[in-house]
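Chemist: Dropping the structure in here first, questions after.
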Amino acid sequence: MGPLLLVLSAACFGAMAIFGKLAFAAGVTPGTLLLVRFALAAAILTAIVLLRRPAMPVRMSARTVLTAFGLGAFGYALQAGLYFAALQRMDATLLALIFYVYPLLVTVGAVLLGRDLLTPRRVAALLVASAGTLLVLLGAGAVSFDVLGAVLAFGCALTYTAYILVSDTVVRRLPASVLSALVMTGATLGQAVYAPLAGGVDLGFGAAGWFWLVCVALVSTVLAMVAFLAGLRRTGPSTAAILSTFEPVVTAALAGLVLHETLTPVQYGGGLLVLTAAVVLQLRPVTARRALVRTKVVV
């Protein structure tokens, strides 16, 4: 179930680029999109928590709550700020290429922290998934290069790496819905501080813009985040990072279907490699799974 949840999460995140383009076409600015996305998601997730009333730990420390807020403010919000700052300076394809070094960074970080085992099968899956992602993105055509943009993009990858690794230490202390609500609330506060520095917030758009914003918040944030955290809890950070490479495959496919962007044979081949990596992870021996569980640090 864990890998399936992570694939669902990647698909939802992958759809966000399409929703975002449609929102931009409806007159929504990037800063406004992010702030409204986080605020709507925080409200929806909080409502889910209040309605479902999930079982809470007997002792929920202030440190856990602050960590969850920090994940939103310094993880989601900061990553988004770096991403759009880089996007203003460089080609989106090259930005995505640099950003998707994060699965390698997460795997290295998890191994160094003693949370995951670097087995031959995991290394092979990581290499295959990374190669597939490169093919999907490089198949889009030529790209431009900007040094500062590349630095910002790599900073975005580092921020997301830290987010995954820190999430892995918190996700076992709180229900996924509660953690998601706290993270999104933190992201809303962080983006509220960042948005004025990035040109302010403009809500003067029509119903179409609000519709796509709701899609971004509900599908590509609420469902994506809950599925990701639930999958992370069942698998570990390295598997989560590897399966997250399914995201650009979904983006490319939806771009072809919705925006009528043509997929090349190279992109189809890359998508097949990413899916193959997911299958390889599913076929891990049971003994390897148990060994991986024993090495996890429960804080």
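Note: Cβ is positioned from N, Cα and C throughout, glycine not excepted.
TrEMBL: automatically predicted annotations, no manual curation.
Feature table excerpt (TrEMBL):
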DOMAIN    2-137  domain 'EamA'
DOMAIN    148-281  domain 'EamA'
TRANSMEM  35-52  transmembrane segment
TRANSMEM  64-86  transmembrane segment
TRANSMEM  92-114  transmembrane segment
TRANSMEM  123-141  transmembrane segment
TRANSMEM  147-166  transmembrane segment
TRANSMEM  178-197  transmembrane segment
TRANSMEM  209-232  transmembrane segment
TRANSMEM  239-260  transmembrane segment
TRANSMEM  266-286  transmembrane segment
Chemist: Would you kindly check 35-52, 64-86, 178-197, 209-232, 239-260 and say which stretch has the most C-beta pairs under 8 angstroms to the transmembrane segment (123-141)?
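Modeler: Result: 239-260.
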Chemist: Residues sitting near the transmembrane segment (239-260): Cβ under 8 Å, six or more positions beyond its termini, same chain?
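Modeler: Residues packing against the transmembrane segment (239-260) from afar: 2-3, 6-7, 9-11, 13-15, 17-18, 21-22, 96, 100, 102-103, 106-107, 122, 125-126, 129-130, 132-133, 136-137, 140, 164, 228, 231-232, 267, 270-271, 274-275, 277-278, 281.
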Chemist: By a Cβ-Cβ criterion of under 8 Å, what residues six or more beyond either terminus of the transmembrane segment (178-197) are in contact with it?
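Modeler: Apart from its flanks, the transmembrane segment (178-197) reaches 31-32, 34-35, 38-39, 41-42, 45-46, 48-49, 54, 56, 65, 68-78, 80-81, 167, 170-171, 221-222, 225-226, 229.
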Chemist: By Cβ distance under 8 Å, which residues at least 6 away from the ends of the transmembrane segment (35-52) in the same chain are close to it?
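Modeler: Distant contacts of the transmembrane segment (35-52): 28, 72, 76-77, 175, 177-178, 180-181, 184-185, 187-188, 191-192, 195, 201, 203, 213-214, 216-218, 220-222, 225-226.
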Chemist: For the domain 'EamA' (148-281), would you mind checking the mean pLDDT of the predicted model?
Modeler: 82
Chemist: Please indicate, using numbers and ranges, the residues of the same chain that are 6 or more beyond the transmembrane segment (209-232) and have a C-beta under 8 Å from a C-beta there.
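Modeler: Residues packing against the transmembrane segment (209-232) from afar: 2-6, 8-9, 12-13, 15-16, 19-20, 22-23, 26-28, 33, 36-38, 40-41, 44-45, 48, 164, 167-168, 171, 176-177, 179-180, 183-184, 240, 243-244.
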Chemist: Please list, for the domain 'EamA' (2-137), how many residues fall into helix, strand and coil according to DSSP.
Modeler: 110 helix, 0 strand, 26 coil
Chemist: What does the DSSP secondary structure composition of the domain 'EamA' (148-281) look like, as residue counts for helix, strand and coil?
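Modeler: Summed over the domain 'EamA' (148-281), the classes give 111 helix, 0 strand, 23 coil.
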